[in-house]
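Peer 1: Provided herewith is a single structure, encoded as structure tokens, for subsequent inquiry.
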């Protein structure tokens, strides 16, 4: 096979090769996963009251994760650490079991562990249980907490990601935009050359700084260290560097350094060459593979899509930067318009695809943090497109358009910031699970049924009969079932307190339509009522 000599054909072949390389990498290493691993079983069970102490603690999840080294703790009611043995992880990385070495006296205990999910978010899991004759009060606790590593580290990682995005725009985004529009668009002056070169080098430096900060912050973030001194101490840096995320950050860092050196070495780095496209593909891949795209059954395609999204956005905004730094408007008129429209098409297509993956059901769009931030990003992109169309007036030689280019750039920066917030937020489909409150009608009176969440995983069910039903109430029991999930019966243990029956140790393992069957016994003839609801 011969390589085409025409520069445009060579660039097209280089782009196709980059795309195929990303696809190959994903097909070789991708695994199905949801955005966050859900807790499906624990030993002991949540809120269990045990006659004898357990000899081990175990957490079982519904998908592979990376358990954070040293994050397993067992604490008694006096906040004393109980000695534990060496943790054992199952071959499929879905279960962690750790032996209990210390003596568990009668009392209440809290077991915790931290894990890094497929999209690099940290998830904390915890269970409480009672041994022997002890007060079980205070056993109600969230067994899953997303990203509970201290808000400061989330903010630091977000800032590092913003630096990376800005660097992508100013480095390979700018260079590819200049290459696509042609050398004749550049004013032949030493000042213009210096501005473009300095901007591209600055962009590479921002990517390097962002990657370094991200590497330093990942350890404290995953370990939950709430202390600024952990940053200069590089806490957990060894575990980070040996993780897939650490490897991707190192690849991003090295690629950015090489790109910066190449820019300094070239007298005119915008001349036709595949180097910026190759560097941009690699860097874009490291962003995509370390975010929400890496989770899900279609992770391979999603990472390719997100890589294209990052590239297109960087080229689009890089072109806007090129307009402000200095270009020849008459020549830019046709070529840049074509490039900008192509980038816009890629950004919108891949963005809609990613939104469909992460937004479900539609109500989650305005009932979750992720959905609200996404709506804000859509508004920002709309403003960006409007400013771009107005800026086209300037490219046609009309007055009053240069301010629109500045507005376009400001809107682009806002969109990049919102993109960073989205990357650190739990996807809507993994966060949506509104509480449920309904009234089940009985022959006489009614029964208020409340669920604290309709999200799969741990749930607290409360049953409160009204006055008419309470007069005839002798006993109350409940079970869960799901024909869609193939679960015929899931027992619900209820305890009565002040006229309210509350469940303990109920974990819904899978999303599906479920039925809560309630048996109300008045001492003569039991009455059965049911509540059907959807678990997300």
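Every residue, even glycine, has its Cβ placed from backbone N, Cα and C.
Nobody curates TrEMBL annotations by hand; they come from automatic prediction.
For 36-131, the entry in TrEMBL reads domain 'CopC'. The domain 'Copper resistance protein D' annotation in TrEMBL covers 334-422. As annotated by TrEMBL, signal peptide applies to 1-37. Here TrEMBL flags 162-181, 193-217, 245-265, 277-295, 301-324, 336-356, 368-391, 403-423 as transmembrane segment.
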Peer 1: Check the domain 'Copper resistance protein D' (334-422) for me and report the mean pLDDT.
Peer 2: 84
Peer 1: Provide the three-state DSSP residue tally for the domain 'CopC' (36-131): helix first, then strand, then coil.
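Peer 2: Across the domain 'CopC' (36-131), the residues distribute as 0 helix, 50 strand, 46 coil.
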Peer 1: Should anything in the same chain at least six residues away from the transmembrane segment (301-324) have a Cβ under 8 Å from its Cβ atoms, list it; otherwise answer none.
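Peer 2: Hits for the transmembrane segment (301-324): 19, 22-23, 26, 30, 165, 168-170, 172-178, 180-181, 185, 196, 199, 280-281, 283-285, 287-289, 291-294, 332, 336, 339-340, 342-344, 346-347, 350-351, 353-354, 357, 388, 391, 394-395, 405-406, 408-409, 412, 415-416.
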